[in-house]
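The next block holds one structure in the form of structure tokens; read it before the comments.
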Amino acid sequence: MAAGGGGGGGGSSSGRTPTWKERENNKKRERRRRAITAKIYSGLRAQGNYKLPKHCDNNEVLKALCLEAGWIVEDDGTTYRKGFKPPASDISGTPTNFSTNSSIQPSPQSSAFPSPAPSYHGSPVSSSFPSPSRYDGNPSSYLLLPFLHNIASSIPANLPPLRISNSAPVTPPLSSPTSRGSKRKLTSEQLPNGGSLHVLRHPLFAISAPSSPTRRAGHQTPPTIPECDESEEDSIEDSGRWINFQSTAPTSPTFNLVQQTSMAIDMKRSDWGMSGMNGRGAEFEFENGTVKPWEGEMIHEVGVEDLELTLGGTKARC
């Protein structure tokens, strides 16, 4: 009846009254559990020499088993090995310490602590220098890399903030991928005088005298020197073309004085050279191809004149 009442009370507390079948099952389950417990107790009394009371609970059985295994179980439930009695503070917090050491402490060591290390501390190592937009004036952030703190302290405070532009430089160096890409894109349309390749045979013309708009039959844009143009596409194309012409020229101006006959013939064939010769007159021509060593002086004068015209100066001749 007690078991049935207990089952009914449990059902009423949950909001539903157990049925008659459920109450019978609960009674059978409780009788089976008590029968098994009685057999265990009788076996321990008969064969294990355990001093168990007639009506005992499971705590008495656990205490007896601990005593047989060499443990000490006090009246308040404190359990420890013989000869290893812990202090009173540890005894009072023993259940809490066991649960903390087994469940709470290993989880921060395995999950919480290693995760900031690769994400926060690894970022200054992967990038050699901190980003200007993420500059932190707090010296504690540079403890791992002291030289970064020294660099930051050496920068004057009155300087304006660093501005990073995505525009390409006006005249990129020869090692720049922009100049290398512009060299590959050089076509016949980009060359002066309708795509004539004879201009590449005169390195001094390419360096000192870009073609003048007044001395050409076509209307193409001359490969002038880029003058700090802010536009990205024009500056990249002109600077690449200028570097392409400049790379074909030798380092010494006397290289043009050595090649006498071939240079005169090429000047006759190229429109650019012809326009320069017609502008200066026939005073430098000798017997249709016989070139004297001072031919280079004439070429240099033509180059200087065209360079001044390109930059917007007046037409002055030496």
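Using N, Cα and C of the backbone, Cβ positions are placed for all residues, glycine too.
Per Swiss-Prot, the features are as follows:
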- 1-13: compositional bias 'Gly residues' (COMPBIAS)
- 91-101: compositional bias 'Polar residues' (COMPBIAS)
- 102-133: compositional bias 'Low complexity' (COMPBIAS)
- 1-34: region 'Disordered' (REGION)
- 16-97: region 'Required for DNA-binding' (REGION)
- 84-133: region 'Disordered' (REGION)
- 166-195: region 'Disordered' (REGION)
- 209-231: region 'Disordered' (REGION)
Across the region 'Required for DNA-binding' (16-97), average pLDDT on the 0 to 100 scale: 81
Residue counts (helix, strand, coil, in that order) that DSSP gives for the region 'Required for DNA-binding' (16-97): 49 helix, 6 strand, 27 coil
